[in-house]
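Take a look at the structure below.
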(Lines of atoms letter the chains of each structure in order from A and count residues from 1; the text may use other names and numbers.)
(Lines give C-alpha, C1' and ligand atoms only; values in the text may rest on other atoms or scores of the structure.)
Protein backbone atom coordinates (compact mmCIF):
# COMPACT_ATOMS: atom_id res chain seq x y z
CA UNK A 1 0.00 0.00 0.00
CA UNK A 2 2.68 2.44 1.09
CA UNK A 3 4.85 1.41 -1.80
CA UNK A 4 2.08 2.09 -4.31
CA UNK A 5 1.47 5.49 -2.78
CA UNK A 6 5.17 6.27 -2.86
CA UNK A 7 5.29 5.33 -6.49
CA UNK A 8 2.49 7.75 -7.37
CA UNK A 9 4.17 10.54 -5.44
CA UNK A 10 7.26 9.80 -7.52
CA UNK A 11 5.29 9.85 -10.79
CA UNK A 12 3.51 13.10 -9.96
CA UNK A 13 6.75 14.72 -8.85
CA UNK A 14 8.42 13.68 -12.11
CA UNK A 15 5.59 15.09 -14.21
CA UNK A 16 5.72 18.37 -12.29
CA UNK A 17 9.48 18.71 -12.74
CA UNK A 18 9.16 17.89 -16.42
CA UNK A 19 6.26 20.31 -16.92
CA UNK A 20 7.88 23.23 -15.13
CA UNK A 21 11.12 22.92 -17.06
CA UNK A 22 9.30 22.48 -20.37
CA UNK A 23 7.21 25.61 -19.66
CA UNK A 24 10.32 27.57 -18.78
CA UNK A 25 11.98 26.48 -22.02
CA UNK A 26 8.89 27.23 -24.12
CA UNK A 27 8.41 30.60 -22.46
CA UNK A 28 11.98 31.53 -23.27
CA UNK A 29 12.72 32.16 -19.60
CA UNK A 30 15.38 29.48 -19.69
CA UNK A 31 17.86 30.41 -22.38
CA UNK A 32 19.21 27.66 -24.66
CA UNK A 33 22.44 27.45 -22.72
CA UNK A 34 20.64 26.51 -19.53
CA UNK A 35 18.24 24.20 -21.36
CA UNK A 36 21.22 22.42 -22.82
CA UNK A 37 22.84 22.15 -19.41
CA UNK A 38 19.67 20.49 -18.13
CA UNK A 39 19.76 17.96 -20.94
CA UNK A 40 23.39 17.31 -20.18
CA UNK A 41 22.56 16.79 -16.52
CA UNK A 42 19.86 14.31 -17.53
CA UNK A 43 22.30 12.34 -19.67
CA UNK A 44 24.84 12.27 -16.87
CA UNK A 45 22.23 11.04 -14.41
CA UNK A 46 21.34 8.17 -16.73
CA UNK A 47 25.01 7.26 -16.99
CA UNK A 48 25.56 7.52 -13.24
CA UNK A 49 22.51 5.42 -12.40
CA UNK A 50 23.40 2.75 -14.94
CA UNK A 51 26.91 2.45 -13.53
CA UNK A 52 25.48 2.50 -10.01
CA UNK A 53 23.71 -0.76 -10.82
CA UNK A 54 27.01 -2.39 -11.78
CA UNK A 55 29.30 -0.94 -9.11
CA UNK A 56 27.02 0.13 -6.27
CA UNK A 57 24.55 -2.74 -6.30
CA UNK A 58 26.38 -5.70 -7.76
CA UNK A 59 29.83 -4.63 -6.59
CA UNK A 60 31.61 -5.20 -9.90
CA UNK A 61 34.23 -2.52 -10.36
CA UNK A 62 33.87 -1.59 -14.03
CA UNK A 63 35.68 1.43 -15.43
CA UNK A 64 34.91 1.11 -19.11
CA UNK A 65 31.47 2.66 -19.06
CA UNK A 66 32.35 5.24 -21.70
CA UNK A 67 32.80 2.33 -24.09
CA UNK A 68 29.10 1.51 -23.88
CA UNK A 69 28.29 5.20 -24.15
CA UNK A 70 30.30 5.25 -27.39
CA UNK A 71 28.55 2.17 -28.77
CA UNK A 72 25.15 3.72 -28.09
CA UNK A 73 26.21 7.06 -29.55
CA UNK A 74 27.61 5.68 -32.80
CA UNK A 75 24.89 3.10 -33.40
CA UNK A 76 22.10 5.62 -32.88
CA UNK A 77 23.89 8.21 -35.02
CA UNK A 78 24.28 5.67 -37.85
CA UNK A 79 20.57 4.86 -37.65
CA UNK A 80 19.40 8.47 -37.85
CA UNK A 81 22.08 9.81 -40.20
CA UNK A 82 22.74 6.91 -42.57
CA UNK A 83 19.36 5.17 -42.58
CA UNK A 84 17.16 8.20 -41.88
CA UNK A 85 15.12 6.28 -39.33
CA UNK A 86 13.27 7.99 -36.46
CA UNK A 87 15.11 9.09 -33.33
CA UNK A 88 13.31 6.93 -30.71
CA UNK A 89 14.16 3.84 -32.73
CA UNK A 90 17.77 4.97 -32.86
CA UNK A 91 17.86 5.37 -29.09
CA UNK A 92 16.46 1.91 -28.58
CA UNK A 93 18.87 0.35 -31.07
CA UNK A 94 21.78 2.12 -29.41
CA UNK A 95 20.72 0.65 -26.07
CA UNK A 96 20.26 -2.85 -27.41
CA UNK A 97 23.59 -2.96 -29.22
CA UNK A 98 25.33 -1.56 -26.13
CA UNK A 99 23.66 -4.29 -24.05
CA UNK A 100 24.91 -6.91 -26.51
CA UNK A 101 28.38 -5.41 -26.22
CA UNK A 102 27.92 -5.63 -22.46
CA UNK A 103 27.10 -9.33 -22.72
CA UNK A 104 30.06 -9.92 -25.00
CA UNK A 105 32.47 -8.24 -22.61
CA UNK A 106 30.71 -9.35 -19.44
CA UNK A 107 30.55 -13.08 -19.98
CA UNK A 108 34.30 -13.63 -20.14
CA UNK A 109 35.51 -10.75 -17.96
CA UNK A 110 33.08 -11.04 -15.04
CA UNK A 111 34.95 -14.14 -13.95
CA UNK A 112 37.66 -11.73 -12.96
CA UNK A 113 37.59 -9.93 -9.65
CA UNK A 114 38.54 -6.50 -8.33
CA UNK A 115 41.54 -4.95 -10.02
CA UNK A 116 41.54 -7.47 -12.85
CA UNK A 117 37.96 -6.70 -13.81
CA UNK A 118 38.77 -2.99 -13.68
CA UNK A 119 41.72 -3.46 -16.03
CA UNK A 120 39.70 -5.63 -18.42
CA UNK A 121 36.84 -3.12 -18.64
CA UNK A 122 39.25 -0.21 -18.98
CA UNK A 123 40.86 -2.07 -21.86
CA UNK A 124 37.50 -2.68 -23.46
CA UNK A 125 36.63 1.02 -23.30
CA UNK A 126 39.86 1.90 -25.07
CA UNK A 127 39.38 -0.81 -27.70
CA UNK A 128 35.94 0.56 -28.58
CA UNK A 129 37.34 4.06 -28.95
CA UNK A 130 40.14 2.86 -31.22
CA UNK A 131 37.78 0.74 -33.30
CA UNK A 132 35.59 3.78 -34.05
CA UNK A 133 38.72 5.82 -34.69
CA UNK A 134 39.61 3.45 -37.53
CA UNK A 135 36.23 3.00 -39.19
CA UNK A 136 35.90 5.45 -42.07
CA UNK A 137 32.17 4.76 -42.35
CA UNK A 138 31.65 6.75 -39.15
CA UNK A 139 34.16 9.45 -39.99
CA UNK A 140 37.25 8.12 -38.23
CA UNK A 141 39.16 10.63 -36.15
CA UNK A 142 37.41 13.68 -37.58
CA UNK A 143 34.11 12.43 -36.22
CA UNK A 144 30.59 12.14 -37.51
CA UNK A 145 28.08 14.90 -38.14
CA UNK A 146 24.84 14.39 -36.24
CA UNK A 147 21.69 16.47 -36.34
CA UNK A 148 20.50 17.97 -33.11
CA UNK A 149 17.49 15.88 -32.13
CA UNK A 150 17.79 15.53 -28.39
CA UNK A 151 15.18 17.55 -26.58
CA UNK A 152 14.27 17.94 -22.95
CA UNK A 153 11.26 15.69 -23.52
CA UNK A 154 13.32 12.77 -24.88
CA UNK A 155 15.90 13.18 -22.18
CA UNK A 156 13.34 13.24 -19.43
CA UNK A 157 11.44 10.21 -20.70
CA UNK A 158 14.65 8.20 -20.91
CA UNK A 159 15.71 9.40 -17.47
CA UNK A 160 12.34 8.46 -16.01
CA UNK A 161 12.45 4.98 -17.53
CA UNK A 162 16.03 4.41 -16.40
CA UNK A 163 15.39 5.33 -12.79
CA UNK A 164 12.11 3.41 -12.64
CA UNK A 165 13.56 0.23 -14.12
CA UNK A 166 16.71 0.28 -12.02
CA UNK A 167 14.82 1.07 -8.81
CA UNK A 168 12.38 -1.76 -9.39
CA UNK A 169 15.15 -4.13 -10.33
CA UNK A 170 17.04 -3.26 -7.16
CA UNK A 171 14.01 -3.81 -4.95
CA UNK A 172 13.08 -7.09 -6.55
CA UNK A 173 14.36 -10.51 -5.62
CA UNK A 174 16.87 -10.19 -8.44
CA UNK A 175 18.17 -6.98 -6.91
CA UNK A 176 18.57 -8.65 -3.56
CA UNK A 177 20.51 -11.40 -5.29
CA UNK A 178 22.80 -8.77 -6.88
CA UNK A 179 23.37 -7.11 -3.50
CA UNK A 180 24.24 -10.46 -1.97
CA UNK A 181 26.90 -10.89 -4.67
CA UNK A 182 28.35 -7.53 -3.60
CA UNK A 183 28.20 -8.43 0.08
CA UNK A 184 29.68 -11.88 -0.07
CA UNK A 185 30.04 -13.86 -3.23
CA UNK A 186 30.86 -17.21 -1.64
CA UNK A 187 27.88 -17.08 0.68
CA UNK A 188 25.66 -16.01 -2.21
CA UNK A 189 26.89 -19.01 -4.16
CA UNK A 190 26.23 -21.31 -1.22
CA UNK A 191 22.68 -19.93 -1.00
CA UNK A 192 22.04 -21.19 -4.49
CA UNK A 193 22.29 -17.83 -6.23
CA UNK A 194 23.74 -18.04 -9.71
CA UNK A 195 26.30 -15.32 -9.14
CA UNK A 196 27.75 -15.24 -12.65
CA UNK A 197 24.27 -14.89 -14.13
CA UNK A 198 23.42 -11.91 -11.94
CA UNK A 199 26.73 -10.21 -12.57
CA UNK A 200 26.19 -10.50 -16.30
CA UNK A 201 22.55 -9.37 -16.07
CA UNK A 202 23.48 -6.29 -14.06
CA UNK A 203 26.31 -5.53 -16.43
CA UNK A 204 24.13 -5.88 -19.54
CA UNK A 205 21.33 -3.81 -18.03
CA UNK A 206 23.82 -1.11 -17.05
CA UNK A 207 25.27 -1.15 -20.56
CA UNK A 208 21.81 -0.89 -22.09
CA UNK A 209 21.07 2.37 -20.30
CA UNK A 210 24.56 3.66 -21.00
CA UNK A 211 23.79 3.01 -24.68
CA UNK A 212 20.55 5.01 -24.41
CA UNK A 213 22.52 7.84 -22.82
CA UNK A 214 24.91 7.54 -25.75
CA UNK A 215 22.07 8.11 -28.20
CA UNK A 216 20.99 11.24 -26.37
CA UNK A 217 24.58 12.39 -26.09
CA UNK A 218 25.29 11.97 -29.81
CA UNK A 219 22.23 13.95 -30.90
CA UNK A 220 22.95 16.79 -28.52
CA UNK A 221 26.33 17.95 -29.84
CA UNK A 222 26.14 18.07 -33.66
CA UNK A 223 29.30 16.02 -33.88
CA UNK A 224 30.69 12.95 -32.18
CA UNK A 225 34.34 12.02 -32.16
CA UNK A 226 36.08 9.00 -30.69
CA UNK A 227 37.97 11.40 -28.44
CA UNK A 228 34.75 12.14 -26.53
CA UNK A 229 34.73 8.60 -25.19
CA UNK A 230 38.21 8.20 -23.75
CA UNK A 231 38.93 6.78 -20.35
CA UNK A 232 38.53 10.21 -18.76
CA UNK A 233 34.85 10.00 -19.63
CA UNK A 234 34.67 6.63 -17.89
CA UNK A 235 36.26 8.17 -14.84
CA UNK A 236 33.80 11.05 -14.87
CA UNK A 237 30.96 8.56 -14.59
CA UNK A 238 32.78 6.55 -11.95
CA UNK A 239 33.26 9.72 -9.93
CA UNK A 240 29.49 10.38 -9.93
CA UNK A 241 28.88 6.96 -8.43
CA UNK A 242 31.68 7.02 -5.87
CA UNK A 243 31.02 10.60 -4.84
CA UNK A 244 27.34 9.94 -4.39
CA UNK A 245 28.03 6.93 -2.23
CA UNK A 246 28.44 3.36 -3.42
CA UNK A 247 25.09 1.64 -3.23
CA UNK A 248 22.96 4.79 -3.19
CA UNK A 249 20.90 5.54 -6.28
CA UNK A 250 19.85 8.99 -5.13
CA UNK A 251 23.46 9.65 -4.16
CA UNK A 252 24.65 9.07 -7.71
CA UNK A 253 21.81 11.25 -9.03
CA UNK A 254 22.75 14.09 -6.69
CA UNK A 255 26.45 13.75 -7.48
CA UNK A 256 25.74 13.77 -11.22
CA UNK A 257 23.69 16.98 -10.91
CA UNK A 258 26.20 18.65 -8.63
CA UNK A 259 29.30 17.83 -10.64
CA UNK A 260 27.70 18.67 -13.99
CA UNK A 261 26.64 22.05 -12.66
CA UNK A 262 30.08 22.70 -11.15
CA UNK A 263 31.94 21.78 -14.31
CA UNK A 264 29.50 23.72 -16.55
CA UNK A 265 29.85 26.92 -14.58
CA UNK A 266 33.57 26.53 -14.35
CA UNK A 267 33.79 26.50 -18.14
CA UNK A 268 34.32 30.26 -18.05
CA UNK A 269 37.52 29.73 -16.09
CA UNK A 270 39.26 27.04 -18.11
CA UNK A 271 42.60 27.56 -16.33
CA UNK A 272 41.28 26.92 -12.87
CA UNK A 273 38.46 24.58 -13.77
CA UNK A 274 40.22 21.28 -13.25
CA UNK A 275 41.83 22.58 -10.07
CA UNK A 276 38.52 23.56 -8.49
CA UNK A 277 36.89 20.33 -9.67
CA UNK A 278 39.67 18.31 -8.06
CA UNK A 279 39.51 20.31 -4.86
CA UNK A 280 35.79 19.56 -4.60
CA UNK A 281 36.51 15.85 -4.99
CA UNK A 282 39.36 15.85 -2.50
CA UNK A 283 37.23 17.69 0.07
CA UNK A 284 34.34 15.27 -0.29
CA UNK A 285 36.63 12.27 0.02
CA UNK A 286 38.27 13.77 3.11
CA UNK A 287 35.11 14.65 4.95
CA UNK A 288 32.67 12.09 3.60
CA UNK A 289 34.73 9.09 2.52
CA UNK A 290 31.57 7.01 2.25
CA UNK A 291 30.25 9.42 -0.40
CA UNK A 292 27.57 12.06 -0.10
CA UNK A 293 24.79 9.66 0.79
CA UNK A 294 26.68 6.61 2.04
CA UNK A 295 24.41 3.71 1.23
CA UNK A 296 21.28 5.65 2.15
CA UNK A 297 18.60 6.99 -0.13
CA UNK A 298 16.87 10.36 -0.13
CA UNK A 299 13.60 8.62 0.61
CA UNK A 300 15.01 7.26 3.88
CA UNK A 301 15.17 10.82 5.14
CA UNK A 302 11.41 11.03 4.96
CA UNK A 303 11.04 7.70 6.66
CA UNK A 304 7.61 6.90 5.33
CA UNK A 305 8.33 5.41 1.96
CA UNK A 306 11.11 2.92 1.57
CA UNK A 307 12.30 3.88 -1.82
CA UNK A 308 15.11 2.44 -3.88
CA UNK A 309 17.21 0.59 -1.41
CA UNK A 310 20.84 -0.11 -2.08
CA UNK A 311 21.23 -2.63 0.65
CA UNK A 312 20.12 -1.01 3.84
CA UNK A 313 18.85 2.15 5.36
CA UNK A 314 19.90 1.67 8.94
CA UNK A 315 22.98 3.80 9.00
CA UNK A 316 26.51 2.62 8.92
CA UNK B 1 21.40 -40.51 1.58
CA UNK B 2 24.82 -39.21 0.55
CA UNK B 3 27.53 -41.42 -0.86
CA UNK B 4 30.88 -39.99 -1.83
CA UNK B 5 33.12 -42.35 -3.70
CA UNK B 6 36.82 -41.83 -4.32
CA UNK B 7 36.82 -38.16 -5.17
CA UNK B 8 39.89 -36.16 -6.14
CA UNK B 9 39.76 -32.39 -5.87
CA UNK B 10 42.44 -29.96 -7.03
CA UNK B 11 43.20 -26.29 -6.51
CA UNK B 12 45.08 -25.62 -9.71
CA UNK B 13 47.91 -28.15 -9.62
CA UNK B 14 47.65 -28.87 -5.93
CA UNK B 15 45.66 -31.91 -4.96
CA UNK B 16 43.54 -31.23 -1.88
CA UNK B 17 41.54 -34.45 -1.69
CA UNK B 18 42.89 -37.86 -2.62
CA UNK B 19 40.34 -40.57 -3.18
CA UNK B 20 38.03 -39.57 -0.34
CA UNK B 21 34.98 -41.74 0.26
CA UNK B 22 32.30 -41.23 2.85
CA UNK B 23 28.68 -41.96 3.50
CA UNK B 24 25.91 -40.20 5.36
CA UNK B 25 22.67 -41.95 6.29
CA UNK B 26 19.40 -40.14 6.64
CA UNK B 27 18.83 -38.67 10.11
CA UNK B 28 22.44 -38.92 11.21
CA UNK B 29 24.93 -36.41 12.50
CA UNK B 30 28.21 -37.26 10.85
CA UNK B 31 31.31 -35.34 11.74
CA UNK B 32 34.50 -34.87 9.85
CA UNK B 33 37.50 -34.02 12.01
CA UNK B 34 41.08 -33.23 11.19
CA UNK B 35 43.81 -30.64 11.46
CA UNK B 36 44.13 -27.38 9.54
CA UNK B 37 44.57 -27.91 5.83
CA UNK B 38 43.48 -31.54 5.92
CA UNK B 39 40.80 -30.90 3.31
CA UNK B 40 37.66 -30.72 5.45
CA UNK B 41 36.32 -27.49 4.03
CA UNK B 42 37.34 -28.55 0.53
CA UNK B 43 35.15 -31.60 0.85
CA UNK B 44 32.13 -29.52 1.94
CA UNK B 45 32.69 -27.05 -0.87
CA UNK B 46 32.78 -29.91 -3.33
CA UNK B 47 29.55 -31.34 -1.95
CA UNK B 48 27.76 -28.00 -2.28
CA UNK B 49 29.04 -27.39 -5.80
CA UNK B 50 31.46 -24.53 -5.10
CA UNK B 51 34.28 -26.78 -6.28
CA UNK B 52 34.22 -29.54 -8.83
CA UNK B 53 35.82 -32.97 -8.31
CA UNK B 54 38.25 -34.13 -10.96
CA UNK B 55 37.48 -37.77 -10.35
CA UNK B 56 35.02 -39.86 -8.39
CA UNK B 57 31.28 -39.79 -7.84
CA UNK B 58 28.90 -38.11 -5.42
CA UNK B 59 25.56 -39.82 -5.08
CA UNK B 60 22.76 -37.95 -3.32
CA UNK B 61 19.30 -39.55 -3.10
CA UNK B 62 19.89 -41.64 -6.23
CA UNK B 63 21.19 -38.67 -8.22
CA UNK B 64 24.74 -37.88 -9.14
CA UNK B 65 25.58 -34.34 -8.06
CA UNK B 66 29.32 -34.28 -8.74
CA UNK B 67 30.17 -31.14 -10.69
CA UNK B 68 26.61 -29.78 -10.75
CA UNK B 69 26.26 -26.02 -10.25
CA UNK B 70 25.63 -24.82 -6.69
CA UNK B 71 22.10 -23.61 -7.35
CA UNK B 72 20.81 -26.99 -8.47
CA UNK B 73 22.40 -28.65 -5.44
CA UNK B 74 20.71 -26.18 -3.10
CA UNK B 75 17.47 -26.89 -4.90
CA UNK B 76 17.96 -30.63 -4.36
CA UNK B 77 18.14 -29.99 -0.60
CA UNK B 78 21.77 -29.55 0.41
CA UNK B 79 22.53 -26.33 2.26
CA UNK B 80 26.02 -25.19 3.11
CA UNK B 81 26.97 -22.93 6.03
CA UNK B 82 30.37 -21.70 4.89
CA UNK B 83 33.36 -21.36 7.17
CA UNK B 84 33.73 -18.02 8.92
CA UNK B 85 29.98 -17.41 8.74
CA UNK B 86 29.96 -15.02 5.78
CA UNK B 87 26.76 -13.19 6.53
CA UNK B 88 25.74 -10.34 4.21
CA UNK B 89 27.06 -7.64 6.53
CA UNK B 90 25.21 -4.64 5.12
CA UNK B 91 21.86 -6.36 5.10
CA UNK B 92 19.53 -6.81 8.02
CA UNK B 93 19.03 -10.12 9.76
CA UNK B 94 15.66 -10.46 8.08
CA UNK B 95 17.06 -9.80 4.60
CA UNK B 96 19.78 -12.38 5.18
CA UNK B 97 17.15 -14.97 6.04
CA UNK B 98 15.11 -13.96 3.01
CA UNK B 99 18.10 -14.68 0.78
CA UNK B 100 18.38 -18.11 2.32
CA UNK B 101 14.95 -18.88 0.90
CA UNK B 102 15.97 -17.41 -2.44
CA UNK B 103 15.22 -20.50 -4.53
CA UNK B 104 11.91 -21.36 -2.90
CA UNK B 105 8.56 -20.66 -4.44
CA UNK B 106 6.23 -21.82 -1.63
CA UNK B 107 5.58 -18.54 0.17
CA UNK B 108 3.53 -20.19 2.89
CA UNK B 109 6.33 -22.62 3.70
CA UNK B 110 8.86 -19.78 3.74
CA UNK B 111 6.74 -17.92 6.25
CA UNK B 112 6.57 -20.98 8.49
CA UNK B 113 10.31 -21.44 8.27
CA UNK B 114 10.84 -17.81 9.28
CA UNK B 115 8.92 -18.63 12.45
CA UNK B 116 10.85 -21.83 12.91
CA UNK B 117 14.20 -20.04 12.61
CA UNK B 118 13.12 -17.36 15.08
CA UNK B 119 12.01 -20.11 17.44
CA UNK B 120 15.35 -21.88 17.19
CA UNK B 121 17.26 -18.63 17.54
CA UNK B 122 15.24 -16.15 19.62
CA UNK B 123 18.24 -13.78 19.49
CA UNK B 124 17.67 -13.32 15.79
CA UNK B 125 14.07 -12.29 16.34
CA UNK B 126 15.24 -9.60 18.78
CA UNK B 127 17.67 -8.32 16.17
CA UNK B 128 15.49 -8.77 13.13
CA UNK B 129 16.03 -5.22 11.82
CA UNK B 130 19.66 -4.94 12.81
CA UNK B 131 22.47 -5.01 10.27
CA UNK B 132 24.03 -8.42 10.44
CA UNK B 133 27.55 -6.98 10.37
CA UNK B 134 26.91 -5.50 13.82
CA UNK B 135 26.01 -8.85 15.41
CA UNK B 136 28.40 -10.71 17.69
CA UNK B 137 30.29 -13.71 16.35
CA UNK B 138 27.91 -16.18 17.94
CA UNK B 139 24.87 -14.36 16.64
CA UNK B 140 26.38 -14.28 13.16
CA UNK B 141 26.89 -18.02 13.36
CA UNK B 142 23.24 -18.40 14.35
CA UNK B 143 22.24 -16.22 11.43
CA UNK B 144 24.36 -18.21 8.98
CA UNK B 145 22.72 -21.41 10.22
CA UNK B 146 19.26 -19.87 10.15
CA UNK B 147 19.89 -18.67 6.62
CA UNK B 148 20.81 -22.18 5.54
CA UNK B 149 17.70 -23.62 7.21
CA UNK B 150 15.58 -21.16 5.22
CA UNK B 151 16.46 -23.16 2.11
CA UNK B 152 14.67 -26.11 3.75
CA UNK B 153 17.57 -28.53 3.42
CA UNK B 154 17.39 -32.26 3.89
CA UNK B 155 21.14 -32.27 4.44
CA UNK B 156 22.89 -29.43 6.24
CA UNK B 157 26.63 -28.96 5.78
CA UNK B 158 28.18 -27.07 8.69
CA UNK B 159 31.73 -25.79 8.36
CA UNK B 160 33.38 -25.08 11.72
CA UNK B 161 30.43 -23.58 13.55
CA UNK B 162 32.53 -23.22 16.72
CA UNK B 163 35.27 -21.15 15.11
CA UNK B 164 36.22 -18.12 17.19
CA UNK B 165 33.36 -18.45 19.63
CA UNK B 166 33.37 -18.34 23.43
CA UNK B 167 33.03 -21.77 25.10
CA UNK B 168 29.55 -21.01 26.37
CA UNK B 169 28.41 -19.97 22.87
CA UNK B 170 29.94 -23.14 21.43
CA UNK B 171 27.76 -25.16 23.78
CA UNK B 172 24.65 -23.25 22.74
CA UNK B 173 25.42 -23.69 19.05
CA UNK B 174 26.01 -27.41 19.48
CA UNK B 175 22.80 -27.96 21.36
CA UNK B 176 20.98 -26.14 18.56
CA UNK B 177 22.67 -28.41 16.01
CA UNK B 178 21.28 -31.40 17.90
CA UNK B 179 17.87 -29.78 17.95
CA UNK B 180 17.92 -29.19 14.18
CA UNK B 181 18.90 -32.82 13.73
CA UNK B 182 16.07 -34.06 15.95
CA UNK B 183 13.64 -32.10 13.80
CA UNK B 184 14.65 -34.28 10.87
CA UNK B 185 17.58 -32.63 9.12
CA UNK B 186 20.63 -34.77 8.44
CA UNK B 187 23.88 -33.05 9.37
CA UNK B 188 27.43 -33.27 8.12
CA UNK B 189 29.60 -31.36 10.55
CA UNK B 190 33.17 -30.26 9.97
CA UNK B 191 35.02 -29.37 13.14
CA UNK B 192 38.41 -28.73 14.65
CA UNK B 193 36.88 -28.93 18.08
CA UNK B 194 36.94 -32.71 17.83
CA UNK B 195 35.88 -33.37 21.39
CA UNK B 196 32.70 -31.37 21.06
CA UNK B 197 31.92 -32.75 17.61
CA UNK B 198 32.40 -36.38 18.61
CA UNK B 199 30.13 -35.95 21.61
CA UNK B 200 27.09 -35.10 19.47
CA UNK B 201 27.81 -37.16 16.35
CA UNK B 202 26.67 -40.65 15.49
CA UNK B 203 29.61 -41.43 13.28
CA UNK B 204 32.86 -39.73 12.42
CA UNK B 205 35.55 -39.62 9.79
CA UNK B 206 39.11 -38.50 10.46
CA UNK B 207 40.78 -36.83 7.54
CA UNK B 208 44.50 -36.15 7.20
CA UNK B 209 46.28 -34.43 4.29
CA UNK B 210 43.47 -35.14 1.89
CA UNK B 211 42.66 -38.75 2.77
CA UNK B 212 40.36 -40.44 5.23
CA UNK B 213 42.56 -42.19 7.81
CA UNK B 214 39.96 -43.46 10.25
CA UNK B 215 36.23 -43.77 10.54
CA UNK B 216 33.65 -45.36 12.75
CA UNK B 217 31.05 -44.70 15.41
CA UNK B 218 31.81 -41.43 17.22
CA UNK B 219 31.98 -43.02 20.65
CA UNK B 220 34.49 -45.58 19.44
CA UNK B 221 36.76 -42.95 17.92
CA UNK B 222 36.52 -40.86 21.02
CA UNK B 223 37.81 -43.81 23.05
CA UNK B 224 40.63 -44.72 20.67
CA UNK B 225 44.09 -43.93 22.03
CA UNK B 226 45.44 -42.88 18.67
CA UNK B 227 42.71 -40.36 17.99
CA UNK B 228 42.90 -39.08 21.53
CA UNK B 229 46.55 -38.29 21.16
CA UNK B 230 46.33 -36.73 17.74
CA UNK B 231 43.13 -34.69 17.94
CA UNK B 232 41.80 -34.52 21.42
CA UNK B 233 44.93 -33.18 23.07
CA UNK B 234 45.22 -36.19 25.39
CA UNK B 235 41.91 -35.43 27.07
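The backbone N, Cα and C atoms fix where each Cβ goes, glycine too.
Where the annotation comes from TrEMBL, it is an automatic prediction and has not been curated.
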Worksheet item: Which of these ranges is annotated transmembrane segment in TrEMBL: A:174-199, A:200-225?
Response: A:200-225
Response to the item:
Given the transmembrane segment (A:62-81), its same-chain partners at Cβ distance under 8 Å and 6+ residues beyond its ends are 47, 50-51, 54-55, 87, 89-91, 93-95, 97-98, 101-102, 105, 117-118, 120-129, 132, 137-138, 144-147, 149, 203, 206-207, 210-215, 217-219, 224, 226, 228-231, 233-235, 237-238
Discussion item. Before we move on, state whether the transmembrane segment (A:152-170) and the transmembrane segment (A:33-55) share at least 3 Cβ pairs under 8 Å, counting only pairs 6 or more apart in sequence.
Written reply: yes
Worksheet item: Among A:33-55, A:87-107, A:200-225, A:274-290, which stretch has the most Cβ pairs under 8 Å to the transmembrane segment (A:237-262)?
Response: A:33-55
